[in-house]
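J.: The structure follows.
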Amino acid sequence: MARTKKVGITGRFGPRYGRKAKRAVKKIEEEMKRKHVCPSCDRPGVKRESRGIWKCRKCGAVFTGGAYLPVTPMGKTAARNIKRIVGGK
């Protein structure tokens, strides 16, 4: 597969689609494909099953999240607010 140091994972597109689009795709896909921390067992083993569905390879927990990341910025905010309300702080 045609990959280089600069284009990395987007080398598969070759000369098509332009530099800006490929940079955006590269940033999203590299972040998406790395291992994420599981919310159940706190170990790095979460991989993307399909769009918005994530699975931990260590404990087998399956949960929903964002399309490209298991925890979205809005999800973090909501969890923080719920924790604050339930915790009484």
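Note: Cβ is positioned from N, Cα and C throughout, glycine not excepted.
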J.: For which of the residue intervals 38-59, 60-81 does Swiss-Prot record zinc finger?
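T.: The listed stretch tagged zinc finger in Swiss-Prot is 38-59.
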J.: Other than CYS38, CYS41, CYS56, CYS59 themselves, what residues in this chain have Cβ atoms within 8 Å of the centroid of the Zn(2+) site's Cβ atoms?
T.: PRO39, SER40, ASP42, ARG43, GLY45, VAL46, ARG57, LYS58, GLY60, ALA61
